[in-house]
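Handing you this structure, nothing more for now.
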Amino acid sequence: MENRNTFSWVKEQMTRSISVSIMIYVITRTSISNAYPIFAQQGYENPREATGRIVCANCHLANKPVDIEVPQAVLPDTVFEAVLRIPYDMQLKQVLANGKKGGLNVGAVLILPEGFELAPPDRISPELKEKIGNLSFQSYRPNKKNILVIGPVPGKKYSEIVFPILSPDPAMKKDVHFLKYPIYVGGNRGRGQIYPDGSKSNNTVYNATSTGVVRKILRKEKGGYEISIVDASDGRQVIDLIPPGPELLVSEGESIKLDQPLTSNPNVGGFGQGDAEIVLQDPLRVQGLLFFFASVILAQVFLVLKKKQFEKVQLYEMNF
């Protein structure tokens, strides 16, 4: 009896451990496969290449627009908004990893000048917190606080992303100066077409790997197709695998050529990048400018008063 209870307890513990392991694997795998910024973080030390191209474009092949809006100038140690807009047709549906259709997600990378960083929560005003919503930003690297990533997040809710940014203070950071700085941004809507290892996702076109005749099209049980192509010249058979998602454009008995599209292009998203400029303004320069404007206004006032006084003197002399 005691041995039976011991066996039951061991069996229960093993089952629980296996279940927990499976849950952890699924959660981890899902988060990595869906989160495009993680791909960039894992594969590239810097998201912006020397050519100016942001590396996210290596996986998101379609070119789409983005828009970045920042203040023209900011003072040191000041929180300001950087607003990224990722426009797209909200009615569109994308092909998900399982081949079904679903809403588009969005993601972004913001490359700030050295010294600029994400504003700490205690410096963000309630109004700005409301604009940000439930978004959670993270640094590209622990030592690159000026590069921020976000996503994937639902596109219908966050096609406009507000970044809370804290400007640096040159008095505290000697490598920061009062200058005009560039800001770079990249934003995507929808899934990519290529994974970092070079393999295709199911959100792209699949082409024939051989010239020949489509001998057989087998629909797989879990979705997708297995296409047998026979080369008419030597009888060699090639099998092309199509994952769930793309729609077939060929049929059995059809003659095809090398690199001919076997499927439609299911991709409705894309990636875009842009840039803006911001001036880190010296407060003393602003004060000097205000003093100059005040001096000009006072000079104008005194000039008008002097003119009025001169006109009165002239009028007095004419009366005599």
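Glycine residues also receive a Cβ, built from the backbone N, Cα and C atoms like all the rest.
Take a look at what Swiss-Prot says about it:
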- TYR36, CYS56, CYS59, HIS60: heme binding site (BINDING)
- 1-35: signal peptide (SIGNAL)
- 286-305: transmembrane segment (TRANSMEM)
Quick check on the binding-site residues CYS56, CYS59: which one has the highest count of other Cβ atoms within 10 Å of its Cβ?
CYS56
Secondary structure at CYS59 (heme binding site) (DSSP, helix/strand/coil)?
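Coil, per DSSP.
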